[in-house]
Every structure is written in structure tokens, then in C-alpha cells.
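What TrEMBL says about this protein:
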- 1-26: signal peptide (SIGNAL)
- 594-842: domain 'G-protein coupled receptors family 3 profile' (DOMAIN)
- 594-619: transmembrane segment (TRANSMEM)
- 631-652: transmembrane segment (TRANSMEM)
- 664-690: transmembrane segment (TRANSMEM)
- 702-725: transmembrane segment (TRANSMEM)
- 749-771: transmembrane segment (TRANSMEM)
- 783-804: transmembrane segment (TRANSMEM)
- 810-840: transmembrane segment (TRANSMEM)
Amino acid sequence: MLQQLLFHTLMSCLFWRLMLFCDVQKRPIAHLPGDIIIGGIFPIHKEVSNLTGRTDANDFICTGLQPRSVTDALSMIFAIEQINNSTFLPGITLGYEIYDSCSDALMATQAMLQLLPEAMSTNNSKECKATETVPSVKAVVGEEYSEISIAIARFLSLHFIPQISPASTAAILSDKVRFPSFLRTVPNDKHQTEAMVKLIRTFWWNWVGIISSDDDYGRSALDFLNILFPQHGICRAFSKIVPSYGEHPDLPNVITSITNELSTNKANIIIIIAKGPFVVKLFKEVIRLNISKTWIASDAWSTSKEVSSIKNIEKIGTILGFNFKENRAPGITEYLLNLNPREPEARNDFLKEYKELRFGCTDEYRIYLECIESALENCSNSESIKQKSPLACRIENIYLANDDYLLNNTEWGKSHSTYMAIEAISSALKNLICKDGTCEKNQSLSPQELLKEIKNGTYSRSGEIFRFDSVGDVLNGYDVINWQYLNHTTEFKIVGNYDISDGIITLNKSIFMWNTDTDMAPFSNCSQSCSPGEYKKHSDISCCYECIKCADNYFSSTTDETQCTKCQLFEWSNSGSSTCENRTVQYLEWSNPFAITLITFTISGLLLLLAIGILFIKFSNKPPVRAAGGNYSYLIIASLLSSLASIFFFIGQPSHTFCQIRQPLYGISFTLCVSCILIKSLRIIFAFHLANRLKKFTKLSYTPLAIIIILTGIQICICVLWMILRRPFYLEDYKIPQFLVLQCDEGSYVSFGIMLGYIGCLALICFILAYKGRKLPEKYNEARSITFSMLIYIFVWIIFIPVYMNTSGIYLSAVQVVAILASVYGVIFCHLLPACYIILFKRKNCNRELYLKSVCAFYRARQRVFSIRNTGLQSQPTDSNLEAQVTNISQLQPKRRSTAVTVKRRRKSF
């Protein structure tokens, strides 16, 4: 703090030396003497034309009179005159001393030297103790631009002289350590940038460009936007910082760079936080290049007549902006319409310059009038001519002339903020120097006392209540402005407001006027909105993304979804779907044409087996029946019936019970069938190939029933273990899109494979044994039947494996049903039907004698072959020997359980 104090004291002493070179009498001023002086600094002119080329401290040329700033100064004068003409401060006359900053910090600093000569004087103390001086100016109103307010606030804060700005919004000015005496009747830029962000989010924009001035005002707002944008999902399309000085030599290049960016960047929303003069230069170039955007204006130019009067301004696009709450002090309108000298001792160089500009008759304007009167085309219409009143060159005393030009060019938000500043200062003065209806004129009033009183006061003279918060700001909110173009004129339409206290922006969208091709709010997003059925895949820039279609069985029902939602299990969707649909329940229904075909074959097989069984029972004593297996043929028929019955568990809606029954039923049934066939194969081998060599062994070991029980029991054990370890179960399969497939899962496919493999092994053994005995007597051809039936089974189930593994859905069960039918029909056609054919159509050959003759002939041929192979010396077997061997074959037949004698049993073997 001590270092700051020494710095400001040194600077004050130095600037006092600088002021000695300034001719203060030549400087324009608005002045009224009084008991208490209130200073004012306003940007009456928009720029200093030779700022970079000046060689002397007094060599300033201010150009471009700004009517809106003249109005702000007049609002201060109006407020002071109102107080002086009332009994608000009895016995006290307020004076004013208003200077022009020319929109430049250096000029404003010189104005401060003139405004506070006592405070800056080095003669007050040998040690130049600036804090001990009591300046005649008790408070200062101004400046409007933040960078200028910061420059003068450093000097005013040194003496704690109250400074109240009607428009400076830079957030840095809320720092009471650096600027303890600064106050303002407007909010700081933090709130304005928050309002901008909420406006942007209201219209769902997220791709925004920013143009800001290279000063405290622009950089402060830019910093806030850079913080707020990521918090609200907004991305900065580009950011350009422009010189704050309108005559900067690099400004043309900067504007070219900006227009190039505007031409190539797809951002349609551009925020401009800069002064009006720069905006004028930028917009003229933008209009020339036919670039149309939607612009968001800061308070510095949101109601600028200078900008709105640009030729073809409507081609610029839509302009939205924020301005301070608009209000008008009572009587201000009449005051601006009657600007005549009221106080003889008052001086107002700015009003004089304005009237000369507005009503003065210049050579240029005289030539223009002559051109118009001559009805010539292409009459020169410069900016200075546009500012002329129709009364120019037609009245004698221009200083008494008035019109509504100032009224139409007033920015009422700033004008009213200036009026509020005078209200606060005058009310604080009243509290300090007035008691019991009288005020002490000669009271020594320090700036610190006045500053403290202003900070703590609550004010309501103009009908609205306001006060300064802890950092010296007034939180009175913003109006949202929409520039509307009607009949070649621009209206600043208030279309909403922003309430700082609750952070809510309120917009009346029905009265918005969008100057776009569609007359609707523009699109300004990095990426197009993702449609329902798509989701956003973000890139490195959070606002930019790619729209990806939702995958199968996923959906997104609204726009701009960040992820797709998975459909429920009983629903499905195609890629890119916005909704899910219910799956179609599928299983091998009884009404399915293929199922009907399978059922037809199954029932046909059942009927055929029943017919065969009846036929076998009727002709049970006939050799073909005995050759087909005798009593065991009934087991074969029963097992085949059971196998076909298992098919009904493969068709129709599955259940846990059906799933657990069907495979074991088929596996055990067909194992029993193959076991019976295996017994027949063994009987043939033992009878025709091993009868002599293993006669005793075969008699002892050939117990058919035991073999059948053992072989079938093994399969039963396999199925039991299957049911214990991992049994088949009912399954809802969702793998196929659109369908909910109801099917049976085999549980342990290893067990399933072992079950089928075991049957295959038995079938293979039967096939090998039957193939060995394929050269049997013509009448005794069971080996060939077994060979073909087992060959069909093996072939079918070899084909079944790859087909089954590559099939899914409802036809998975159908594949196995086809295999079962093929296997059953293979046994029926190759094993059972030949016996039926002989019984029905070859009855003459269906007797024991013919079978014995066939067998004898087979053995004669076989014995000859053996004799030749062995020694070639053995005699041919006699018929009696052959008969004995046939008798041995008969003895290998299964014994019938009857009361007949043993001899009769042997005779009935075939």
C-alpha cells in the first residue's frame, strides 16, 4: 500500500509539471460556478486524429462529435440544474466542470490535471503529501469507457475523491484495493457476459466467434467469456482482438483478417465487445463483402446511432444487444427539446459545437442544397451533411435553434445512469451538510466523508430505488435489444431483460425480428444436430461431433443424444432407429409347413411300425420274422416307436420339461434299437463264421438279453450324468434381430455329443459285423439289411454334425428331427420291410426247408473254397456233415421259453 501511495504521489507531481505546458483556456469545457463543484469527463468526441503523430503535449485534435455523449453531459447538467432550482439543497448551489476525454486516456488524464489543480499541486506541502489536500471538486462523474475510467481512477483514488461512472463496466474496476473511490451506476462486465451466454444457450447455439477491443473493457469481457463458454457447452469458433484506437495503423489489416475469418468460418453468431467507431469501420467492410451474420452487441454500441445509420445496415444481418435498463428522468425530454442558455455565467462549449454542427451553414451543405433544388442526381451526401438539420442555412441565430435530433440519438440507459450518479452525489451531500432544513455553505467537506456516505446510501429521487453494493456497483440488470429495420429506419426494440439478482434472462421471442433468409433464428453450431436414431461422437473440440447411427438393437428417441439406449430383451431395432419394436416370437410351430411335413412323416412312420408289429405278431413263427430278430424284433419296433414319439417334443413351444425329455428319450430308444440289431449281427457272425472254432465259447457267452441291458444301461448312465451335470433347458434366444426364438439349449453339448457318439459307435460295430457276414445264403440276407441300415444311420449323422452346427433359430430342432426320421426310416426300410415283403408276397419261399437248403448250399461252396486253399486233398463234405453244421447253427438261435421238448426247439430254429 505504501508503494502504491508513493507511486501515485510521484505521478501527481510529474503530471503537475506537464500541466504547466497546457493552455487550459483553449480546452473545451462546460462550466457552471457553484458552492460545491462536481466534475465530469465524457467522450464528447470519438477520437484524437493525430494521436500517433503529435509532437507536443498540447497538440491534440479531437474529431467526430458524438451526439449521444453530448446528451450524457447534458443529462448531468440537467440533473444539477434540477437540484439548484429546487429546495433539495437549500442555500447551496451545485456547480459543474465538464471536460472532453476525446475517447482517449491521455486526454482524460490532462482533463484530470485541469479538474483537480489543488490535488495535483506540489505547493501544498514540502513533502508533496497529496492525501492532505482538499480539492474544490468533491466528486467526478465519468468516464464511459473502462480503460479511460481506469486511468483517471488511479489519480482520484489517491485522494479518495468519489468517481461515479455511468457506463464503465470492466470487472477490474470492482477491485476496491486498487480503485477504492470508484463507483458506477451500472453492473460490471461479468454480469453482461453471463447474460450473453444465457442468450446464446436459449437459442441452442454453441459455435460463436468473439471480437474484442485491446483494452481493459474488451479483454476483461473476453476473459469472462472464455471461462463461461466451457461451463455452458459453448465453443469459441475464433477470437480476434482489435486495437482500441480507431486510427491505429494496423487496423485495416486487422479488419481484413476479421472479414476473411467471417467469410470462411461457419459460425453465424459473433459477439463484438468494442467501441462504436471500430464497429462502424468493420460493418462497412462486412456490408461491402456481403457477409451476413447474427451479431451480439455489448453495451458500448448496442444502441449506437452512429452504427445504425450506416448505409445498408440491414444487410449486416440480425443484431442483438445488451444495454443498461432504459429509463428517463422526469423532464429530460422537454429539456433536450429546448436547449437554450439558462444561466448567464454558464459556459457550454460542447452544446455550442453541437449547434454549429447541426444548424450551422457550411459551404458543403450550401452546395448540397443547391444540388437538391436543381433536382440533380448523385448529390454528395457525406456524414457531415447527414447530421445537418433542415433548418441549417435558413435561420439567423443557430444557438437558439432546436429540434429532436439529440432526443433521437440519446442512449437512454447511459443518460439515466448519469442522472443516477448526480442523484447519489447530491443525496450524500444533503446528508452531510444539511440539518433541520438548512445547509452549511462554508463547511469543509473532505472527499473521504462524501465517498463513505455515497457508498452507504440508498437513493430513490427518480422513482426507482438503488444502492451501491460492496464493490461499488449498481445491479440494475440489462435490457435485451433487437435491431429492427422498418422503412429504412432502425428501431432498438426491447425484446427481453436480464435480472442479475436471480440470473434469469426473459425473452419475448414473438417480437423478435430475424434478418435471415428464413426469417428464423439462425443455426450456429459446430456440427449439425443429430437426428433421432443417431448419437454424437465428439471430436477434440467439445462442441464438434460426428453423428453416428445407433447400432442394431439400440435407439435414440430425441435429437443430439450423447449415447444410444439399448432396447429391452423383448424388443429390437435396426441400425439408426429412433424407437424399438417388439420382437416376433418364433419357434417350430405345429402350423409351420415344414413342421407339418415332419409330423406327417412321423405319423406315417408310427403307423407303419404298428402295422409291421401286427404283421410280425401274426406271423411270429415264420422264418422271416425269426430272421429279423424273433422276439427282439418287437423291441426294435418298440424302440423305433419311442424314437418317433420323441419327435413330438421337438415341435411346438418348448418348455423345460420338453427340453429335458426329448434327447434322453431318443438316445435311449435308439440305443435299444441298435443294441438289438447288434445282437443279430453277433448271431450271424457266430453262426456262419465262428461256429466251429468258438462253439463252446459262444454257447457260454452268448446271452442276448444281458448284452442288450448292458449296452442300453450305458446310454442310460450317460443321460443321467448329463441331467445331473448340466441338463438341457428352455432358452429365449435374442441373437436373431426382430425375433425372439424359443428353443431348447442342450446344456452340455459334450454330453450331447457323447450320447450321439455312443449310438454311432454301436452302429459302427453293427456295420462292421454285418459287413463281415454280407456273403450269406440268399435266403438268409439279414447281414445286408443291417449293413445298409447302419450305413444310412452313420451317413445321416455325419451330415447332421456340420448342418446342426451351422443352423440357428427355429430350424435347429428340425435338423435333428430330419436326422431321427432318416435313421428310423433307414431301419424300417432296410431291416423290417424286407421281412414284411417276404411274408406278404413270397409266402411260397417262406418255410424252413428252403432256408435249410439255402444254408447247405452256402456251406458246400464255402467248404470247397477252404479245401482248395488248405491242401487241395481233402474230400468234399458229405451232405450228412453239412446237415450237422446246419444243426449247429440252429443250436445258436435264442431259446424260446416254451414247454416243447429240446428236439422240437432245435427243429424250429428257422
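A Cβ is built for glycine as well, from the same backbone N, Cα and C atoms used for every other residue.
In the predicted model, the domain 'G-protein coupled receptors family 3 profile' (594-842) has a mean pLDDT of 84. Cβ atoms under 8 Å from those of the transmembrane segment (702-725) belong to residues 632, 635, 660, 663-664, 667-668, 671-672, 674-676, 678-679, 682-683, 686, 747-748, 751-752, 754-755, 758-759, 762, 892, 894 of the same chain, restricted to positions at least 6 beyond its ends. Sequence-distant residue pairs (6 or more apart) of the transmembrane segment (810-840) and the transmembrane segment (594-619) include at least 3 whose Cβ atoms are under 8 Å, placing the two stretches in contact. Packing against the transmembrane segment (594-619) from elsewhere in the chain are residues 588, 625, 628, 633-634, 637, 640-641, 644-645, 647-648, 651, 811, 814, 817-818, 821, 824-825, 828, 832-833, 835-836, 839-840: each is 6 or more residues past its ends and has a CB under 8 Å from a CB in it.
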